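Novice: What follows is a structure written as structure tokens; I'll ask about it next.
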Amino acid sequence: MPPKRQNEGRAADELSGRERKKQKTAIARTIAVQPTAGPSSNATANATAGPSKSVRFDSMQGLPGAMDVERFAESRAFEINAMHEAMQNASSTQRAWQQLPRHLRRRAASHDVRRVPLRLRDKARAEMDPARRKALGRSMPKRSKKNQPSRTSQLLRRQKDKTWLETHIWHAKRMHMDNMWGYRLAITPTEKSFRPSHRASVHGSIIHDASYYATIELEGPEDILKAIIEACCDCQGPSPGAKRFVTGARAVDTFLYKYNSYPHELIAPVTISWCSRPATSEDVPMDPKDKKGKRKAKPATSGPPPDHKSLWIRVHPSVLVAAHQTLRLAASSVLDAAKQAGRDVTVEMADLREHLNVFEIMGPKASQVIKGVLKPVEDQSKEFKKVSTGASLAVKPRSSY
């Protein structure tokens with residue numbers, strides 16, 4: 001008849017590592033007891049440690065007046081040695097907080113018992129070192145509330161050699177941080193998050209704080225800006241000055257080269273987006289009822305000319321200096337050519353670092369997240385309402401989100 005259990009009839013050498021570990025744990029939890037010799041030795045052959053099952057109404061009867069400690073210890077030498085060996089073999093390799101799942105672990109649990117569930121508090125309290133009290137009269141005098149620095153000044157003092165993003169506190173509690181490109185950025189998470197992140201990016205949405213990217217703003221006439229950008233970008237790719245990009249509805253991903261050096265001396269990939277011109281009174285049709293007489297009409301406010309536009313160039317912070325130099329050289333050359341043609345134009349260049357927060361939302365439900373979070377100021381914005389909650393990114397242009 002075959003054995004009923006899997007391990008029955010197998011030698012100790014054939015046991016797996018997990019089975020040997022279970023066997024060792026079971027042996028360590030049992031303390032051997034010396035059997036008593038006599039006619040009842042068969043009944044006590046399998047005796048284990050525990051309280052006596054015989055009940056005595058008067059436990060003081062039959063006790064000697066004095067006890068020899070040496071003889072008593074010699075008679076209990078077997079039990080003492082068994083207890084000593086059991087204590088050595090049954091040493092636990094896990095702390096109290098290590099028995100918790102990862103989502104319930106807290107950093108303060110190593111010194112605060114209340115951060116541990118109730119069932120493990122006694123064990124955690126036994127593992128902690130006793131609190132040490134300071135000697136009286138040796139503590140430094142405490143500062144008054146007036147002399148204490150504010151929370152803002154304390155945080156600013158910690159940002160002398162680097163810059164924090166606005167989401168730094170959230171990331172610092174969950175990520176390993178490091179100084180990179182003048183910022184304090186998150187490198188790796190403290191928990192296992194590969195599967196949840198991949199699942200969210202494939203079936204839901206995931207957000208990334210890309211505010212550490214540098215943004216350069218160019219402002220000037222449209223034809224001048226087109227000439228500057230086309231002199232530094234990839235000539236064979238989509239032109240940043242195309243009509244579909246100039247309206248500001250889409251962004252273009254291209255490569256930035258040194259001035260007139262394409263296809264050599266590549267600097268970095270960049271993202272260029274044109275800023276749409278704000279709507280004016282000339283663009284909005286006027287209702288006949290709202291027309292006013294000549295006396296009530298107000299003079300039109302002076303604004304930038306119609307061909308005056310601005311664009312943003314997002315570039316990696318490690319190549320910001322090289323990108324600045326290239327754009328300045330290209331702008332100087334284009335402005336000199338326009339001056340020789342008899343045009344008096346100017347181009348303004350600004351560094352928008354630490355002025356913009358950039359969040360990249362990726363995933364098939366990114367449009368639903370945007371529609372649920374953003375609320376248009378004007379109720380008449382029909383373009384924003386066209387975004388369908390069930391729209392898929394497969395039917396949208398790649399650079400329109």
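Cβ atoms here come from the backbone N, Cα and C positions, even for glycine.
Straight out of TrEMBL:
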type: COMPBIAS; residues: 1-18; note: compositional bias 'Basic and acidic residues'
type: REGION; residues: 1-53; note: region 'Disordered'
type: COMPBIAS; residues: 37-51; note: compositional bias 'Polar residues'
type: DOMAIN; residues: 72-136; note: domain 'Pop1 N-terminal'
type: REGION; residues: 104-159; note: region 'Disordered'
type: COMPBIAS; residues: 109-132; note: compositional bias 'Basic and acidic residues'
type: COMPBIAS; residues: 133-148; note: compositional bias 'Basic residues'
type: DOMAIN; residues: 142-220; note: domain 'Pop1 N-terminal'
type: REGION; residues: 279-309; note: region 'Disordered'
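Give me the structural setting of these features: burial, nearby parts and distances.
Specialist: Counting residues per DSSP class in helix, strand and coil order gives 40 helix, 0 strand, 25 coil for the domain 'Pop1 N-terminal' (72-136).
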Novice: Within the domain 'Pop1 N-terminal' (142-220), what mean pLDDT does the predicted structure show?
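Specialist: Average per-residue pLDDT within the domain 'Pop1 N-terminal' (142-220): 88.
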Novice: Pull the DSSP breakdown for the domain 'Pop1 N-terminal' (142-220) and write it out as helix, strand, coil residue counts.
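Specialist: The breakdown for the domain 'Pop1 N-terminal' (142-220) reads 22 helix, 26 strand, 31 coil.
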